[in-house]
Amino acid sequence: QVTGYLDDCTCDVETIDAFNNYKLFPRLNELLESDYFRYYKVNLKKPCPFWNDNSHCGIRDCAVKPCPSLLYNLPSPPRCFSTQYSEEANNLAEECEEAERLGAVDGSLSEETQAAVVRWTRHDDSSDSFCEADDIHSPDAEYVDLLLNPERYTGYKGPDAWKIWNSIYEENCFKPQTVKRPLAPGRGESSIHLAKSLGNLCVEKRAFYRLISGLHASINIHLSARYLLQDTWSEKKWGPNVTEFQQRFDEVLTRGEGPRRLKNLYFLYLIELRALSKALPFFERPGFQLYTGNKIHDAEIKALLLEILHLAKSFPLHFDEKSFFAGNKKEAAKLKEEFRLHFKNISRIMDCVGCFKCRLWGKLQTQGLGTALKILFSGNLIEKIPESGPSYGFQLTRQEIVALFNAFGRL
């Protein structure tokens, strides 16, 4: 059990748990199972930009099975026949229906709406982006059904996996040089030493470190919760691996650092929850649609989305991002750009992950966090969004929206 208040926050863990478990998560889970949010377009074939590494995971469970029919011109994903989330379904290529119908702009849409859809898919907001986004028009980009390719332990570990986190913590994360990456028993600093070292950093750099630590903790929890417990010719069985969880989070085994990692997970949750609440005006506009081609379904999902966002806004102890990048404007702008480029670099490191399923979920969750940061630091632009017509000052692509809500769902 993790109790008490979080560092750099006025929020306590019990309040977060109660809000998430009894109000938010049941509705969010329903949203993520909808057609719009379950399909994520990703390029898993991009080469690693930092080192030559062709050592891809040869384990069968590292593979990702994409939906074979690709749609390049619309924000809508393909709709697949299979709705059974069995092992058989996970190992078979899903046949896509009505690809030709979905491959063209719906003729029932007005010219203005069609133009907005085209602008949405082509919009380039790289100057505000915290992530290195995939080119969804690339021939190598494919839609992946996230429900049929769940995040879980695949057997990917060892030097290749450690190299990824080494690069993230040692080269791309704001932290004191005396603090080593907190991964395994005996490798991290004591909780007291770490707290003292981080206390010497400015609030923005402390937050950056805690976000990365929280993301790392989240991924480790997912892998511990859906661990490959049995692998025989007749059966595969996934389930909770308590020993694995204890090695990463037990207070004694981690020299006091485990509970702090878990609190960093809560810190990450608060950051993304705050982003959802701030994004409400963007999604609330009458002209915004979660377009899949099914008007009735689209309206229902938008209503559910707005319900979730209003719930997020009702949270009583939101993180206050106003303390970020305050003070001297020139220095603040420099620090913000440094912050953005560090995170963008981490998103590029995801293309170096050798396991394709790990790469898929790593890319999605970093893009989700990057989108949350983009929203937090574009607050003044979001407030100026007109109720009708296109939003030129602030925009979110379909990829960013899907990543934002699925990443939050993992937390």
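Placed from the backbone N, Cα and C atoms, the Cβ positions cover glycine too.
Keep in mind it's a predicted model, so treat the numbers as computed, not measured.
Taken from TrEMBL as is:
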- Cys57-Cys62: disulfide bond (DISULFID)
- Cys96-Cys131: disulfide bond (DISULFID)
- Arg152, Thr154, Trp165, Ser213, His216, Arg248: FAD binding site (BINDING)
- Cys355: active site (ACT_SITE)
- Cys355-Cys358: disulfide bond (DISULFID)
- Cys358: active site (ACT_SITE)
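For Cys355 (active site), the nearest neighbour among the listed binding-site residues (Thr154, Trp165, Ser213), judged by C-alpha distance, is Thr154. Of the recorded residues, His216 (FAD binding site) and Cys358 (disulfide bond) place their C-alpha atoms 12 Å from one another.
For Cys62 (disulfide bond), the binding-site residues whose C-alpha atoms fall inside a 10 Å radius of its own C-alpha are Thr154, out of Thr154, Trp165, Ser213. Among the binding-site residues listed (Thr154, Trp165, Ser213, Arg248), Thr154 has its Cα nearest to the Cα of Cys358 (disulfide bond). Taking the recorded positions Thr154, Ser213, His216, Arg248, Cys355 in turn, the residue surrounded by the fewest other Cβ atoms inside 10 Å of its Cβ turns out to be Thr154. The disulfide-bonded residues under consideration are Cys62, Cys358. Their Cβ neighbour counts within 10 Å are lowest for Cys62.
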